[in-house]
Number of protein chains: 2
Amino acid sequence: MEERVKEIKQQLSAHSYKLTPQREATVRVLLENEQDHLSAEDVYLLVKEKAPEIGLATVYRTLELLSDLSIIHKLNFGDGVTRYEFRAEGAEHHHHHLICLHCGRVDEITDDWLGPIENRVQKEFDFQIIDHRLTFHGICHRCKDQVKDPKKAVSSKVT
Amino acid sequence: MEERVKEIKQQLSAHSYKLTPQREATVRVLLENEQDHLSAEDVYLLVKEKAPEIGLATVYRTLELLSDLSIIHKLNFGDGVTRYEFRAEGAEHHHHHLICLHCGRVDEITDDWLGPIENRVQKEFDFQIIDHRLTFHGICHRCKDQVKDPKKAVSSKVT
DNA sequence: AATCTAAATGATAAAAAATATCATTTGATA
DNA sequence: TATCAAATGATATTTTTTATCATTTAGATT
Ligand SMILES: [Mn+2]
Ligand SMILES: [Mn+2]
Ligand SMILES: [Zn+2]
Ligand SMILES: [Zn+2]
């Protein structure tokens, strides 16, 4: 935790940004909720608990900054809000997500399974891949017994 | 074109919805721009050209209806607006997209390349897949000569 | 053809998310 | 300690989407 914060401080200084108390509080909230996918509003409410004077705009600005520096990733699960998550250590690409249409939970595939497909894309489309987004929508293992007809679980509300 | 419209009319009636003039105009705009990925605002402006009296709310309602009936797909390319496209004939799943970070163009992979990965997901995660979203961000074949260092083309603005 | 009625529409208000503005504060450096 | 660009907080504004509601319409029923 402390090491991660220090590391981020260095990443910021490397680009001559300061790790202000507000930024540090935001970073800590993100680290403490690393397995979640928090929205800016989520982060704001959590940061307020430890730094009540922080403004929403600062949270947005900090998230944007961390995203620009590739310290965190911006995510969009099609529910109308941008979500954020820490980027794993050496992760080259976004990892994959499994979104349950029944309970809403989000699971992760942290290994990159797209290698072979990306080779095909580069070859067949002459498209140089920089990053990707892969999300599966379906029924998670926790819900499978409660869902009789999975085909009826509509994903049309999700983009 | 006429057959497609008639077919959609039947899909609507099957759920006791009417193909009103406004809905038909909207459907025609979507059909005439089938290879694009139009936003609601885009559709609205195009529909206005042939049916100037239409209201924006009606366009939103129509797009939502067509999406609920799985006649069109809702898309989110992380640029802040929801986009829409006709669903291909027998398409089970969303097709894949290649988004160029340099020119913004969107190309498509209409074949479903995710079969093997989906099998792994179902097996290893006990997750029953209903649909998926796969997008690649990178440099398209048209732009590759203009982009010296593709690694620098940042995708951090995109969710 | 005239009447009826639920569905659909258009205008517009409201909500929700994100960004812009600007006066004030802060923190690294001299 | 004084300086000053960077950062912040409050809040206005923009943008996208949804909700509300009075009015109109399409299609069924006489
Ligand atoms: Mn994740
Ligand atoms: Mn497409
Ligand atoms: Zn579930
Ligand atoms: Zn391009």
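Every residue, even glycine, has its Cβ placed from backbone N, Cα and C.
Note: TrEMBL annotation is automatic and uncurated.
Keep in mind it's a predicted model, so treat the numbers as computed, not measured.
TrEMBL lists B:His94, B:His132 with the feature Fe cation binding site. Look at B:His94 (Fe cation binding site): DSSP puts it in coil.
Here TrEMBL flags B:Cys100, B:Cys103, B:Cys140, B:Cys143 as Zn(2+) binding site. The Cβ of B:Cys143 (Zn(2+) binding site) lies under 8 Å from the Cβ of B:Cys100, B:His102, B:Cys103, each on the same chain and at least six residues away in sequence.
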Go through the binding-site residues B:Cys103, B:His132, B:Cys140, B:Cys143 one by one and keep only those whose Cβ is less than 8 Å from a Cβ of chain A; report them in sequence order, or 'none'.
B:His132, B:Cys140
Cα-to-Cα gap, B:Cys140 (Zn(2+) binding site) vs B:His132 (Fe cation binding site), nearest whole Å:
23
Using DSSP with the three-state reduction, classify B:Cys140 (Zn(2+) binding site) as helix, strand or coil.
coil
Can you tell me whether DSSP puts B:Cys103 (Zn(2+) binding site) in helix, strand or coil?
coil
